[in-house]
Amino acid sequence: MEFSSLAVAPNTLPCFTLASPLPPVSCVSTASAGARRAIHCAIGATPADKSSTAWKGQTHHSKDYLERQAAILEVQQSPDLVSALHRFDDMLKVQDLNLMLRYFGKLKRFQDLSKLFEWMRQSGNISASSYTSYITFTGKSLNPMKSLEIYKEISEHSLRTNTYICNAVLSCLVRTGRYNLSIKVFQEMKKDGLKPDVVTYSTLLSGCIKAKDGYLKAREVVGELENEGLKMDGVIYGTLLAVCASNSKCEEAENYFQRMKDEGLVPNEFHYSSLLNAYSIDGNCNKAEQLVQEMKSAGLEPNKVILTTLLKAYVKGGLFVKSRELLAELESMGHANDEIPYCLLMDGLAKAGHTDEAKLIFKRIADKSVKSDGYAHSIMILAFCRKGLLGEAKELAKDFEAKYNRYDIVILNSMLCAYCRVGDMESAMQTLKKMDELAISPDRYTFNILIKYFCKEGLYLLAYRTMQDMHSKGIQVDEGISSSLIFQLGNMKAYSEAFSVYNMLNYGKITMCKALHEKILHILVAGRLFKEAYLVVKDNVGSISKPSLKKFATAFMKSGNVNLINSTLEVLHASGYKIDQEVFHAAVSRYIVLPEKKDLLLQLLQWMPEQKYCVNSSTRELIMKNSHFFGGKLIKEVLIYHPRVPKAAGSYELQNKTLNNSNLRCGAGNHSHSVGT
């Protein structure tokens, strides 16, 4: 049970209908004929008939009050709202206008609501309650940014820091899933001088229920509440329990529940259901049962929500016998008139591999004519897909389309999965078209279903473009699917596309498997994308095997960007990889044919002895043969620090031993160079 509804600011008032006794028609000189008739019908008696039962005990109001009531009624019924407001401008007070705001809001007459509010702002007949009501109702019409815009246009400081107005704005943002924005706005409000109350914090807490890392964010909100010297009440505790449940913090939920009782607060059905939900998510059946018994001992009878949550705990814990018994109990109590308890059991059975038993529950829904929104179909479609019963999955998807005209992302994904599994591309495309027509945004599962299907059909470039679209929408790509796609793109020589998929993973929010760095390195080297390969090695050299580094180094020295040769060698050496003579010879060979790169060659030759490397005889001969291009004297001076090593001396250990002996003789080692400078 979520507590977001409990966190609404107390100023969010209901819309009141006119209940006061109304005057006889003759008393309302400004009312229209229609309004007068309505008033006459409402009172059912005249002042002259004081002996009548209808008149006895009624309160007498002033003529001014009665005329205002009639004016309110006429404005509410007028087809031209603005004209009616101008007509009664001198008569109506701010509280009358606020009453009409709530009237239009409750009836969802949002166009009239906006017209009235704008007229109030322009005429100056406005109060804090006006802003609170209007912001609340615009938020309920799913336009939270409009609410925020209205708030930011408030110039009067006392209104900008009014607790009720601020709470209404925050509630709109939280209700529509904009928790991070609500926190940012809250901090700005405090800077302006807002003094938050318990309702403010309970509103922010309710946003933590579905927010990422919601529990940690809730702790921050509670810490701030306590720093402000405010005490936690039943609503705060209830919301915290719901946050703990949604973030699988069962132990923390228990602690808050006990703390609440220790502070003298008596738990109600909402607190019990939230803690029970935490147990159900954890699959802790024993504690769930004990909590229900505790609730009964406290004099609270378990309601439909409590019993359904207990069923959820049984299913999660794999206690299917108890689950069936409890479902039968819910049926006997009249609490199984919708598909939710059936779907809980069906889903548990299906995921446990008991597809036939899940089918029996599905049939039971139909036999009992249980109200269904199609979620039972969704569960069974996925169950059939998991078991490989693709024909039945497709048939059920078609049955859903024939019976229901109500779709959401879960149901559409189930249908899409069924069609893709059987290779029915036409039906899959129709499902995507329906999703687009209904303005239902695809989620992670939608994209993964499509990418898997395209890969299965060998349409790897189409799978890649689908993954690009997924990534552009800020949805985290799946590592397993991405890894497989990278391999297939590499096989078809789509090297750049493979590297693009790798980057989607590498810069995502998950820790990538280390083996993937080596896999993409092989693909990039094969595709001669040496700059990209260099970046992979530079950032992940510790995750790549020595044979792969050797293959990369040899290929890069021969064909990579010559300006990055020294940097590449430095990266390899810093990782602990011992560079052999073949690699150095390849690097020198690249420089020899490019005299304009003599500075890079000199830097390399100066760097090598410092790292206990030296050129072998064949590399020395190559350098000396072409030394006139690089300044013969300078080259000879540098080579002094490279002792002669036999041509076959390729190992780092032998080079090191030779170099140490040479250093003892000529005092080398006083110099310090960076190969990359």
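We number each residue from 1, going along the chain as drawn.
Each Cβ is built from the backbone N, Cα and C atoms, and glycine gets one as well.
Here is what TrEMBL records for this protein:
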type   : residues : note
REPEAT : 162-196  : repeat 'PPR'
REPEAT : 197-232  : repeat 'PPR'
DOMAIN : 227-362  : domain 'PROP1-like PPR'
REPEAT : 233-267  : repeat 'PPR'
REPEAT : 268-302  : repeat 'PPR'
REPEAT : 338-372  : repeat 'PPR'
REPEAT : 408-442  : repeat 'PPR'
REPEAT : 443-477  : repeat 'PPR'
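Outside the repeat 'PPR' (268-302) by six or more residues, the chain places 1, 3, 6, 234, 237-238, 241-242, 244-245, 248-250, 253-254, 257, 260, 309-310, 312-314, 316-319, 322 with a CB less than 8 A from a CB of the stretch. When pLDDT values are averaged over the repeat 'PPR' (162-196), the model yields 91. Note on the repeat 'PPR' (443-477): residues 409, 412-413, 416-417, 420-421, 423, 428, 435, 484-485, 488-489, 492, 494, 497, 500-501, 504-505, 508-510 of its chain, located 6 or more positions outside it, place their CB under 8 angstroms from a CB of the stretch. If you look at the repeat 'PPR' (408-442), the same-chain residues 6 or more away from its ends with a CB under 8 A from one of its CBs are 374-375, 377-379, 381-382, 384-385, 390-391, 393-394, 396-397, 400-401, 449-450, 452-453, 457, 473.
Per DSSP, the secondary structure of the repeat 'PPR' (443-477) breaks down as 26 helix, 0 strand, 9 coil. Note: the domain 'PROP1-like PPR' (227-362) comprises 100 helix, 1 strand, 35 coil (DSSP; helix = H, G, I, strand = E, B).
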